[in-house]
Amino acid sequence: MAQSVLVPPGPDSFRFFTRESLAAIEQRIAEEKAKRPKQERKDEDDENGPKPNSDLEAGKSLPFIYGDIPPEMVSVPLEDLDPYYINKKTFIVLNKGKAISRFSATPALYILTPFNPIRKLAIKILVHSLFNMLIMCTILTNCVFMTMSNPPDWTKNVEYTFTGIYTFESLIKILARGFCLEDFTFLRDPWNWLDFTVITFAYVTEFVDLGNVSALRTFRVLRALKTISVIPGLKTIVGALIQSVKKLSDVMILTVFCLSVFALIGLQLFMGNLRNKCLQWPPDNSSFEINITSFFNNSLDGNGTTFNRTVSIFNWDEYIEDKSHFYFLEGQNDALLCGNSSDAGQCPEGYICVKAGRNPNYGYTSFDTFSWAFLSLFRLMTQDFWENLYQLTLRAAGKTYMIFFVLVIFLGSFYLINLILAVVAMAYEEQNQATLEEAEQKEAEFQQMLEQLKKQQEEAQAAAAAASAESRDFSGAGGIGVFSESSSVASKLSSKSEKELKNRRKKKKQKEQSGEEEKNDRVRKSESEDSIRRKGFRFSLEGSRLTYEKRFSSPHQSLLSIRGSLFSPRRNSRASLFSFRGRAKDIGSENDFADDEHSTFEDNDSRRDSLFVPHRHGERRHSNVSQASRASRVLPILPMNGKMHSAVDCNGVVSLVGGPSTLTSAGQLLPEGTTTETEIRKRRSSSYHVSMDLLEDPTSRQRAMSIASILTNTMEELEESRQKCPPCWYKFANMCLIWDCCKPWLKVKHLVNLVVMDPFVDLAITICIVLNTLFMAMEHYPMTEQFSSVLSVGNLVFTGIFTAEMFLKIIAMDPYYYFQEGWNIFDGFIVSLSLMELGLANVEGLSVLRSFRLLRVFKLAKSWPTLNMLIKIIGNSVGALGNLTLVLAIIVFIFAVVGMQLFGKSYKECVCKISNDCELPRWHMHDFFHSFLIVFRVLCGEWIETMWDCMEVAGQTMCLTVFMMVMVIGNLVVLNLFLALLLSSFSSDNLAATDDDNEMNNLQIAVGRMQKGIDFVKRKIREFIQKAFVRKQKALDEIKPLEDLNNKKDSCISNHTTIEIGKDLNYLKDGNGTTSGIGSSVEKYVVDESDYMSFINNPSLTVTVPIAVGESDFENLNTEEFSSESDMEESKEKLNATSSSEGSTVDIGAPAEGEQPEVEPEESLEPEACFTEDCVRKFKCCQISIEEGKGKLWWNLRKTCYKIVEHNWFETFIVFMILLSSGALAFEDIYIEQRKTIKTMLEYADKVFTYIFILEMLLKWVAYGFQVYFTNAWCWLDFLIVDVSLVSLTANALGYSELGAIKSLRTLRALRPLRALSRFEGMRVVVNALLGAIPSIMNVLLVCLIFWLIFSIMGVNLFAGKFYHCINYTTGEMFDVSVVNNYSECKALIESNQTARWKNVKVNFDNVGLGYLSLLQVATFKGWMDIMYAAVDSRNVELQPKYEDNLYMYLYFVIFIIFGSFFTLNLFIGVIIDNFNQQKKKFGGQDIFMTEEQKKYYNAMKKLGSKKPQKPIPRPANKFQGMVFDFVTKQVFDISIMILICLNMVTMMVETDDQSQEMTNILYWINLVFIVLFTGECVLKLISLRYYYFTIGWNIFDFVVVILSIVGMFLAELIEKYFVSPTLFRVIRLARIGRILRLIKGAKGIRTLLFALMMSLPALFNIGLLLFLVMFIYAIFGMSNFAYVKREVGIDDMFNFETFGNSMICLFQITTSAGWDGLLAPILNSGPPDCDPDKDHPGSSVKGDCGNPSVGIFFFVSYIIISFLVVVNMYIAVILENFSVATEESAEPLSEDDFEMFYEVWEKFDPDATQFIEFAKLSDFADALDPPLLIAKPNKVQLIAMDLPMVSGDRIHCLDILFAFTKRVLGESGEMDALRIQMEERFMASNPSKVSYEPITTTLKRKQEEVSAIIIQRAYRRYLLKQKVKKVSSIYKKDKGKECDGTPIKEDTLIDKLNENSTPEKTDMTPSTTSPPSYDSVTKPEKEKFEKDKSEKEDKGKDIRESKK
């Protein structure tokens, strides 16, 4: 922005808005109008014109640079500050809080000018903060009134009051702003439309009687939306929501399309199936038996209704309508379904399967019409209660149809739903980027302003210059801005006098220098920027550590922290000028919630954001928000003596005051010498936080320095002027809260300090926390007296310990400093709560206080980085999500009220439709709380069941609309935004371990000390033993030096120095989990000896290592830099002998056998040594010479074995065997006993397999040697599995096969398929990726478990023992409280009458373990209802539950779902995605889920441009055929066929199950027409394309469909009976629509999505394969354990573990965690009376139908975790990844489609695919292309300017043309050359024929000749051209007369242009594409010029040809 434009900031920039100012504006407008020529007036809003300043927008706060507003200027019209409005009629008004409001200066309502007192008053009221508060309160009160379900009469008056207030508000707004004509008037703000409609509706409903009032009353709910317009942060979030919804449009279209296709398939497959029921037949009454045969003959023809011929008594219709004749399972509302195919559900004896009655679930679940099918599929896609649909459909149609569900779930559900996620995340990311960019731009603008400020103030500073000389000197050297005041001493911002400032500074200076002298001379050495760069930037180099936070950690250590941010929840709404970057980052910045010691300043942005000033303000004053935060960017390391003292005043502003401070032992300063230049440089190259340009660019460095000084100045003034607390408070604090009165006390204090601050104490406290948690987790029901007394004593002890710790810490630290630290406040809070709880222990109803003890668990976060990170992430997200949560709350509130108003009455009136006893069900909308619960349940994704109820009572349309809106708005958008926020706060930095702080490392220091001690003892013992027994061997001496190094290194590791070496090393964890970067063989990064020494000499030096490898701005590492993987291994071992590599990611290992034969051919035939060197060294016998004798024989044997094992066939054979043996396992189901032959075959096969595998193992041992075999994880797996088979074989042979242990071993055979893993490359890749993720998944899993532990213990406290109830076990009903009130009454019943039973709910909260299981069911929303009902009904221990007695227990579950389920499960997704991204970086950005082959496919997909021109199908010579050919190849023909396909689909959609005969006939004929049309298309194509027709895949497909359709017309009945109905194939035709998409420009987004799907397929296939393997193993395992459990709940005749197929069907269902509770329930039956342990199973020897609860729980939980969390989330990761890649691809200016289009056009010009085109055709060709490659005619000039190389015959190669055109689109750049080389390579690869393509490049000599020839030609030609040009231009001059001024210049340009072409380097002849400007002015008539060009080109062609000869 030009400087003249800027209003000078500062208080004097405000001017009153007067009539003069209005006149001035009018004058400016008039002047501008006059200036502007007429034609320009149209495009006033030019995009590049000036824009309003975004900081001065209405609603924003006034930037602090303007200073305070003079009091008389508050709330009155002022002139507009924004230069943009200088000629617009506007003015601004500022209120006390400095919020800007902008008004139009035109008269409001044509009456009130800005100077009218009425309008002035209205404005004053409008901008006043109280007015806003009043409106806010009104809205909230109004919301409370709206929640009343039947309000009392007096509420009517309250309603009037509300309406009155709203009307008043609108009137004020209209008076102040005007109504709607100008900008900034009332109706110009969309939020005001809302107000307007609300008020209008209020009056309309009041005065006009409109019938259905309740529907209109629901509009009042919109008032709740007004909160959004009142609270500032909410508008932005709503903006973001709306943005993401816009972005979703493509996905939505795609989703609807896919769903329609699937729904059509469903309609065709299952139409009417779900009405099949089991009908009792024959009927009971014997009189019906007459004439049954005749009945059958005619009842089952047609529709089975015609039977009344013989017996009139029997009415078939009535019979099948009567529900009592159907077979019902107990407790079910719907009759049992069945099917007529062999694998469908069968009816019990005495029943037949008949289609009758209505569909299940009130008739709403069906595939009978398209709309119901669509609903069913939508439900499938959102995975809500889909197991029910799945079971019904399979039961009615047959198990084979599982395939349909697999497709829909994997393609529809996983893919589409995750696409929505991906789109939302991307939209969010983009918005974030935009905010960041805007912030940077602002920063630049304000820098300008500041410089201006500085200029204005320079004069005033001259006086102060002398005084500040010293300090400037100092600030130059040490570079710290805090004490410097280079420029604005006498700043206008300050109200202080100069003198005061100077004095203050002098005092500071003296204090400073007393301790400074000795260091200062070192610091002052040089003022050069270099020293700043070296010392100064030390701070940001350090990575995530604020340099001076801990370096002198005095008791006041934490004052420089950001604790303040904890107290300012709304800080972003008023961040100040200088923290722009920070403001955008807030959402994800880690530090908002970082506690002091761990505030890791993660990245420059957040570091800059929150340096000194804790953002904590009393009220809305913001000039102090963070001036310093920008300075912090340049803050160099503090003065080297840590004599710093700082205090925080009440306002949270830090003042740095010099003064002696006691250093604690932990905070010793770094010895100067340690940080050598090399180290810093090294660290700079590897730490990726530093912004290099900041360091390198001198101007920005200077600017930064100057800014720092300006700011620090302002800082100091602010500190003084801002001390809000009266001084007496400080006095009080110093007197009472800092205890250092007398010497002896100080000694005591020192002692206490030594003890309390010792790491071991910390360790002890941590152990206490863990023990305390354990004690709390040990509570259970029923507990013995003794046990509970032990627990309570334990609790007292722990409370005592924690209290003591707190008091000792207070003594050691003084209360003032103790409470400066977050953790201490937290401790204090918990301790006081525990004490309070002890006091109130016996008060009834306060037992909940006990659950506060659980918060102690969070103290672990102090020493557990991941937990800390999780809490921070949740904290941050809650900050950013605060607004989002509010929006969500508003949405939930609105829908809850809407539901209550619309449907509440219907639930009451029609209740009998949905419940048998006419009582309101638990889920209803009659009152607000239940309505809220329903809406919440919909947000959890469970909408279908509540919607059925609603539709049944209140009508289908209303319910569908409301529920769909909640579903789409709430569920999809908000929850996804939630996820996006979580993912964004999950940058890899956060995962970087934050263990770089003293306090935090205390634990590890303690552990380190112990480790050291143990190592010392070990070493002594080892030395002793060596002295005593072992002769010293030379070999040992060799190892010694290395070991020494390790020991030294050990000592430094145990000191918790984390070594930072480079970015891409393997980070391993040593024993105690400290991450230390261990160098790989990348030479650049390996630490050299001197560095080691510096680490060792100075143990307190801490350098941090990010675990996650970040992307570096400094160098793009090429993969070449990594040496081979085995080197990595070696260096790992060298550097880290002590560390166990548990953290190492993917099993990089030595390359697996036979993987890289081509790399080391000489090695691949030689086996390696059998034993490790150590073995050989210790046991000499292992070493044999292989040169002669036995040794040689042995060596030859090994070589032979090696050849065998390495042979491909061997591997194939083994894989085949593995598959066979796995397959054999699938036969061992419950029917094996009856099939004797199979059983014996399997037994023999089993032996054979075992022998084969043992042989394989022996061969491998001989071939590879033990060392290789047993160091490979996959080999271990083989080894263990073979062992299992061996053991069971021997046991069988010895006759021990019936032993329990052996039986359980047999089940381990299920693991056999795992061996296939290492053999299939694809799966192995996925498994490796997974293994890499395991450490972090485990970490998060642990954290989640801790998190859940809290809820579990709370659950035990609340519900233990309260779920027991008394039931009548014959009917299964619970007794009413009036009958049975408690356990003793139930007992009495049992004694008198046997049918009662006191029973517990199976899944309960009786102990912590069961609590976890219950919570898992709640978190997966499966089986959660029963648990919730039990909890809500519970009363107390041994009391009979009562319906909804404990209603608000629902809230426990709601809270758990929000924190335990949404957060933690999404966190998993976050971790997994994050992890894969890191691993991708590690593997050089390649996709880790794909094998090499698949990568090739992937790359081919990405670059379809590798197409070469194909021979087009030649046009037939025959005239008639030719015409048809032309017709068929036109686009119109294609599109019309597409339209026909769509119409055909529509007719298929119209079909319904119960359509009339007439309708069926009509559809038949329509279908016939379509078949004729499609046959016609087929015939026409056959005629015109001849045999080429079959070269195109689509055509073959069409042909097959047509044939099938024709056959189907005639043989429809027959085919349908034996095969699938042919209509299905028509559906597949829809896929042809994909072809249209290319023709539609608007469909680009959808094509991107499909492209992403195509790209994901290989990886998804691998993951699917792995999932199948897991399912296979679990299915085998399930068959062997749960085949005989009792059939109840989820296990029945079709869904069970009896056979392999059934197990797979069940497991597929649980993959999405659907219905696992039902399958688990029967397995939890452990004994009578739930099941019968002695039940016989005919045909097998097994007894009993009880399950094994522990095995069952393990089975299901592990399967859910593996499949749901891991595999499904990997799916998500792949899709997100590919989606972003695809979006990037589609954003490029030239996409694959453009290249494809180029080749399509090319085919027409080059029919024989010669790859050349004649120069003459070029112009037409260029014109025929589509944009962006199109060069429209006239294009000769441009084409010539491209200077394309030609070969003989004036032909040009297609690549040259494509390349030149591409260059024209993309412009010249380095990338172009890369692209060109790539394209040429690709072309050569795809054209082995290599047509003589290289017209220019031959040998070097030829090249030189050519170059010289060309130079000569060009020189001559240039001479000719000059002549011509001169001639022409002279003619031109004569013609044009006076207008010739420009020509000479143009002539020069032309000559230059040609010059460019003649430089020898440019022989590739591709100069710039634009035509020389001179041509137009020089032109002779077009034709001549054309001929000249042509002849020139011909000359050139000849020249080249000659030179070639």
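Any Cβ shown, glycine's included, is placed from N, Cα and C.
Keep in mind that what you see is a predicted model, and the values were worked out from it rather than measured.
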Which residue from Asn340, Asn1055, Asn1072 is recorded in Swiss-Prot as N-linked glycosylation site?
Asn340
Hey, which of Asn624, Asn883, Asn1382 does Swiss-Prot call N-linked glycosylation site?
Asn1382
Based on Swiss-Prot, are Met925 and Leu1299 on matching sides of the membrane?
yes
Candidates Asn303, Asn1136, Asn1778; Swiss-Prot annotation N-linked glycosylation site sits on Asn303
Per Swiss-Prot record, range annotated transmembrane segment [choices 313-331, 1301-1319, 1681-1699]
1301-1319
Out of 730-749, 790-809, let me know the one Swiss-Prot marks transmembrane segment.
790-809
Disulphide partner cysteine [Swiss-Prot] for Cys278, chosen from Cys180, Cys338:
Cys338
Please report the distance from the Cα of Tyr362 (site 'Binds Mu-conotoxin KIIIA') to the Cα of Glu330 (site 'Binds Mu-conotoxin KIIIA'), rounded to the nearest angstrom.
17
Three-state secondary structure of Met1374 (site 'Binds Mu-conotoxin KIIIA') from DSSP?
strand
Leu920 (site 'Binds Mu-conotoxin KIIIA'), DSSP three-state class -> coil
Could you give the Cα-Cα distance between Tyr1443 (site 'Binds Mu-conotoxin KIIIA') and Tyr1429 (site 'Binds Mu-conotoxin KIIIA'), in whole Å?
8
Can you tell me how far the Cα of Glu330 (site 'Binds Mu-conotoxin KIIIA') sits from the Cα of Met1374 (site 'Binds Mu-conotoxin KIIIA'), in Å?
15
When you rank Glu909, Asn916, Leu920, Asp949, Tyr1429 by Cα distance to Met1374 (site 'Binds Mu-conotoxin KIIIA'), which of the recorded sites ends up on top as the closest?
Tyr1429
Given Tyr1429 (site 'Binds Mu-conotoxin KIIIA') and Leu920 (site 'Binds Mu-conotoxin KIIIA'), what distance in Å do their CA atoms have, once rounded to a whole number?
14
Within 10 A of the CB of Tyr362 (site 'Binds Mu-conotoxin KIIIA'), the number of other CB atoms across every chain shown is 15
The most crowded of the recorded sites Glu909, Glu945, Asp949, judged by neighbouring Cβ atoms within 10 Å of its own Cβ, is Asp949
Could you state the CA-to-CA distance between Asn916 (site 'Binds Mu-conotoxin KIIIA') and Asp949 (site 'Binds Mu-conotoxin KIIIA') to the nearest Å?
13
Count the other Cβ atoms sitting within 10 Å of the Cβ of Tyr1443 (site 'Binds Mu-conotoxin KIIIA'), across every protein chain shown.
13
With every protein chain in view, how many other Cβ atoms are within 10 Å of the Cβ of Met1374 (site 'Binds Mu-conotoxin KIIIA')?
17
Contacting positions for the topological domain 'Extracellular' (1678-1699) when only residues 6+ beyond its ends and CB under 8 Å are counted:
345-346, 391, 394-395, 399, 1228-1231, 1306-1307, 1310, 1705-1707, 1709, 1715, 1717-1723, 1725, 1730-1732, 1737, 1740, 1742, 1744-1748, 1751-1752, 1755
Restricting to the topological domain 'Extracellular' (395-401), report the mean pLDDT as a whole number.
92
Same chain only, sequence gap of 6 or more: which residues have a CB within under 8 Å of the CB of Leu920 (site 'Binds Mu-conotoxin KIIIA')?
Tyr907, Lys908, Val911, His926
